[in-house]
């Protein structure tokens, strides 16, 4: 399906249930809607199981963690598992505090996650690899990024998407590199959260590793197209990027994607 993922989403209009970061729900909902899927946000653990019944994928975001948010994530994720629909988990700033580390571990222990999406620092933390994360940002480290995503995939037994200047996608054995990028993606807060939502929509159509790597490129390709218009600043970039995302087709994505499987 690799070259037809956008068409599949626009045709099937999957519903994506999101436990969102409090900072970015509007952005996430718009990104999901712009590629032809349908977003729902949930904030009540008693509402989550019933909403999961009408959803085709679930995304969980650790960003605005609280006792209630944790309950909602567990309820949503476990309901998704019972229904056999994919779960995307974003371990935002997982290494920043012991509480975040504990809550991420609880989610990974109690919910079968199909995709973990984070920056390299977050992925390294989940893999048990030392890394100097910087809050919600990736920070720096000396380990090989490819080795980190492979180890995370092996340890977590899931697909891992590590985003940055070069995006890496791995299941613990195979690794794909995506060399599409735009500097303003890092300037705008919440781009990773938006990608979580997109990955939920795409995962509802296929969990093939090559398909997920292809889908991961949708956001940075839209970012590159926006940068080509020479935006005035980060807010102008965001508007242009979302417009390109809304108009993105498989033909355009295949024309611009810089995706390769590592040997």
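The backbone N, Cα and C atoms fix where each Cβ goes, glycine too.
In TrEMBL, annotation is done automatically, which means it is predicted and not curated.
So that you can see what the record holds, here are the features copied from TrEMBL:
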BINDING   41, 190  substrate binding site
BINDING   117, 163  ATP binding site
Inset, instruction - Pop the Cα-Cα gap between residue 117 (ATP binding site) and residue 41 (substrate binding site) into the table, whole Å please. - result: 19
Inset, instruction - Measuring Cα to Cα, tell me the gap between residue 117 (ATP binding site) and residue 190 (substrate binding site) in whole angstrom. - result: 13
Legend entry - Alpha-carbon distance [residue 163 (ATP binding site); residue 190 (substrate binding site)] in Å: 12
Legend entry - Three-state secondary structure, residue 190 (substrate binding site) (per DSSP): coil
Legend entry - Residues near residue 163 (ATP binding site) in space but at least six apart in sequence (CB under 8 A): 117, 118, 119, 192, 195, 216
Inset, instruction - For residue 190 (substrate binding site), just count the other CB atoms lying within 10 A of its CB, please. - result: 21
Inset, instruction - Please report the DSSP secondary structure of residue 117 (ATP binding site), reduced to three states. - result: strand
